[in-house]
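Now, the feature entries from Swiss-Prot:
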BINDING   8, 385  Mg(2+) binding site
BINDING   15, 209, 210, 211, 212, 213, 283, 284, 285, 331, 332, 333, 334, 335  ATP binding site
BINDING   92  substrate binding site
ACT_SITE  149  active site, proton donor/acceptor
SITE      181  site 'Transition state stabilizer'
SITE      242  site 'Transition state stabilizer'
């Protein structure tokens, strides 16, 4: 069985999967795992092999040790690189800037180009590079492929991609809308076309990727024409801990009147805002319980969250001119039926009508949740970014 190894390397963790690229979107990966608490004394590796879970708790000094320990654990259970045919390694890279519009075969030169983009993604790209460096040393004889979160949005028209600031400053510092979650938005927009069995160019779709991080995209005939995240993943929708869109003047106000540093404001907007900043929690199951108990902070957070979803929905309906499908995906989008219901409530005049019974069904693969009479077909489609990355990677094998 030919498999692709998919790596998502974070600052203190590595998520990985061994994926059969021929799988369907809802098939479980052959192996999945998580290396966490890298650099901490309480490091842990969790491995899931065909439904069975195995755990190793040990200090993990760095990414190199973490990935080597994970491979050793896989070898112990007869599913390591030495026992299986790994044909390619796909790496999720958060920011490709304007340099990368498609997956790239990784070379030393490509690694340096990704490293040069660290100022655009200081929280993500350094860890992505660490994962690439480690994996290339452990598996030097298979192709390694970088798949960029931003790549799908290279098709944005200038009116959607550029900010109205001094063009020379923007050009010098790479300031523009890049968009994120691109692999997910592309995956589900392609899936809905497959489900409908229609030509890609005939379908206009609005995609909701709603997890702890959240974004939306307008996809016209297979090409992204707008998206909610911007130069960074902080922009756009209200998220679990991120503020989403705010008046930029708030940054100056906090600096001048509260004496907050840039790093403190960065931390506030990225980690202490959003639904958590408003309600104290960022888990939508907890938020729902608080709403059911009539917690006013939870109600306020939820209403602001839904308001922002509907603002972007209306904007993208205008941008596309004609909407054929709407797709919800990711943790909240796939599982929170109340979010889907409230995001699309009262839009029957625009041809959008949710079927309450279909919407209430459990998350079990792609499904239609709109009524038969709805002109716009609304779907829940589980995303599978790892499968998408695996399919890209094996093309270079």
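Just so it is clear, glycine is given a Cβ too, placed from its N, Cα and C backbone atoms.
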Among the recorded positions 8, 242, 283, 332, report those whose Cα falls within 10 Å of that of residue 149 (active site, proton donor/acceptor); none is a fine answer.
none
Output, ordered by sequence, the same-chain residues six or more apart from residue 210 (ATP binding site) with a CB under 8 Å from its CB, or 'none'.
237, 309, 328, 329, 330, 331, 332, 333, 336, 339
Sort out for me which one of 8, 212 has the most neighbouring CB atoms within 10 A, since those are the binding-site residues we care about.
8
Counting all other Cβ atoms within 10 Å across every protein chain shown, which of the binding-site residues 15, 92, 285 scores highest?
92
Please determine which of the recorded positions listed here (149, 283, 334, 385) has the lowest count of neighbouring CB atoms within 10 Å.
283
Which of the three DSSP-derived classes (helix, strand, coil) applies to the residue listed as 'active site, proton donor/acceptor'?
coil
Assigned conformation of residue 332 (ATP binding site) - DSSP reduced to three states:
helix
Please name the residue among the recorded sites 181, 242 whose C-beta has the most neighbouring C-beta atoms within 10 angstroms.
181
Around residue 332 (ATP binding site), how many other C-beta atoms are within 10 angstroms of its C-beta?
24
